[in-house]
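Right, one structure below, let's go through it.
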């Protein structure tokens, strides 16, 4: 204790000397709030009511549907800041008035989280945390990096990975229950948005995916979400921009991701790092918007790393974490008093959040060591001469024995002694509706994503023209058979290889699916059918345009039925290849490894397709069995050649003729059966179905696992 006391006294003296002129003796009981009109007006804790006298009552109104928090103003200064100094953004003309939301109380008691290591649950991320959140308030979980903020947030929301184990209790409206679909919203730190849609279109399709009911009702919900997040000026703007038009900035994108969850009208909203990668202006606008949202009655709980003084003044309660330990929970201004009581007052002209993080962030110890030589030559290096570990122990010990901790326990008892109304699960859109919405949305995206779709169509046409002109004028003699086989092999193989250009668009679709699936907006089967139905028109457009160019430039046999089979065969080839692309992309979820894997697979399939060496002559292990039977090129080329040459004859000399099968037999291995080409088409259909089943398995397990692993990585990143 002597060491702790000496460190505290040392820090107190250094803070005072480093933050004020010599002629001014700073008080440890106030800090500067930068407000319009009173920029240098100090707000003193001595002028505020005692924290112990704060009267917060959690009660259940009869006939109501939520637990309301009736709390007396804790600090006139805080009330003035929240109400007057930071006005909410003005409502757009004709905009819908944001409706009131019946929030819910959230209590976590003795909450601890461990993450399973290689052998057992060894990594303790959150250690015995207590706290609560009330309707109409903003509760922030603050702390340095690797402190357990995101893990605590996910534990309260019930979104931990299976490898994480939670201890303790979470109460919703006084009852131990898990949050049901539609009763809450969760916004991840990074959300994948669809850049080719406008804000209104994106939210409207999200509402169609999430909500049952009529379209007019969903439109009104979307307009409410737009107004709630102050997105009226950006409602008709493309999220990702178009051509030379810039898309939305990070602040607006972050608000769109929050608005996506508001279409469900949740009682509780969890946000992981709402100020992630935002500048000071965007951060302030974000928090003012969230404050306005909380004023409608919604319960807001979010994590934050650091904030400005203005943003800090908007918080209602703060949960301060360091290394998984709760150093404080209570009103924001009381946190400053807590630091002052522990011997670490906030210096004048310093942001409170900066001061908190400076005191509890162990990374500053390394900075002190790095700057030691410079500090010796130039005097004190601000106030960073404190042992952070000692400060953390001091703050934790002070909090456990303080009236703030006792007040939290009392409030938790009040909120949990009587159960309020249970939150009900809201209905979801039917699977058929979700499939139709995803199909239509994907078609709209394809019509606008010219880089990934229309540019691919142009490349297919150019490649087909190149192949057709190279192999044009072959004629129909016996000597043209080998060259025509080569032309068909090059056409099928190279067009299949060119489809790898669609990997970025497929990867974007998978990321969008993962983002929506994590919030139960869609499922693997719904996504698979939506992607399947939306890709058919685009693939058929490529198939018919490329087939017509190639068919007539090469001079294949005349006949409408023969042409239609060629188009159908090539369409199924592209369809199978699309399934292969989707499978590999779902497996890796990385552009580089997906492209590398697909190029390797296509090269191997081309080698075993039976053109470079006839299938019957391929080495049996590996190349013939199983590669030549796995390669879809084999069945597509074989079907096209059977469609072209079965039933034809070629003259040899003056009197002798040979059949088309005999003419091609030495160049490619085909069957004599008249139904063989349809059998090859059936095999292509079965391969397309097989790849889709494999994609379903990967989406159901692999993508979900990767999303969960990403969350675990974030959890580990926010722990010791």
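Any Cβ shown, glycine's included, is placed from N, Cα and C.
Whatever TrEMBL says is automated annotation, not expert-curated.
Look at TrEMBL and you will find 1-26 (among others) tagged as region 'Disordered'.
If you look up TrEMBL, you'll see 40-86 (among others) marked as region 'Disordered'.
Feature annotation from TrEMBL assigns compositional bias 'Polar residues' to 68-86.
What TrEMBL lists as domain 'ABC transporter' is 106-348. Across the domain 'ABC transporter' (106-348), the model assigns an average pLDDT of 88.
Summarising the annotation, TrEMBL assigns transmembrane segment to 453-474 (among others). Sequence-distant neighbours of the transmembrane segment (453-474) (same chain, 6+ residues past either end, Cβ-Cβ under 8 Å): 446-447, 480, 483-484, 486-487, 490-491, 494-495, 498-499, 501-502, 505, 538, 541-542, 545-546, 549-550, 553-555.
Same-chain residues lying 6+ beyond the ends of the transmembrane segment (486-507) with a Cβ under 8 Å from its Cβ atoms: 449, 452-453, 455-456, 459-460, 463-464, 467, 470-471, 474, 546, 550, 554, 570, 573-574, 577-578, 581-582, 585, 589-591, 594-595, 598-599, 602, 606, 609, 611, 632-633, 636-637, 640-641, 644. The transmembrane segment feature in TrEMBL is assigned to 486-507 (among others).
The transmembrane segment feature in TrEMBL is assigned to 528-554 (among others). Cβ atoms under 8 Å from those of the transmembrane segment (528-554) belong to residues 434-435, 437-443, 446, 453, 456-457, 460-461, 463-465, 467-469, 471-472, 474, 484, 487-488, 491, 495, 509, 522, 563, 566-567, 570-571, 574-575, 578, 582, 692, 695-696, 699 of the same chain, restricted to positions at least 6 beyond its ends.
Through the fold, the transmembrane segment (560-584) approaches residues 492, 495-496, 499-500, 502-503, 506, 531, 535-536, 539-540, 542-544, 546-548, 551, 594, 597-598, 601, 632-633, 636, 639-640, 643-644, 677, 680-681, 684-685, 687-688, 690-692, 694-695, 698 of its own chain, all at least 6 residues removed from its boundaries and within a Cβ separation under 8 Å. Annotation comment: TrEMBL describes 560-584 (among others) as transmembrane segment.
Here TrEMBL flags 591-614 (among others) as transmembrane segment. Packing against the transmembrane segment (591-614) from elsewhere in the chain are residues 485-486, 489, 493, 496-497, 500, 503-504, 507, 580-581, 584-585, 623-624, 627-628, 630-634, 637-638, 667-669: each is 6 or more residues past its ends and has a CB under 8 Å from a CB in it.
Look at TrEMBL and you will find 681-701 (among others) tagged as transmembrane segment. Proximity of distant same-chain residues to the transmembrane segment (681-701), defined by a Cβ-Cβ separation under 8 Å and at least 6 residues beyond the stretch ends, is recorded for 510, 513, 524-525, 527-528, 532, 565, 568-569, 572-573, 575-576, 579-580, 582-583, 586-587, 632, 635-636, 639.
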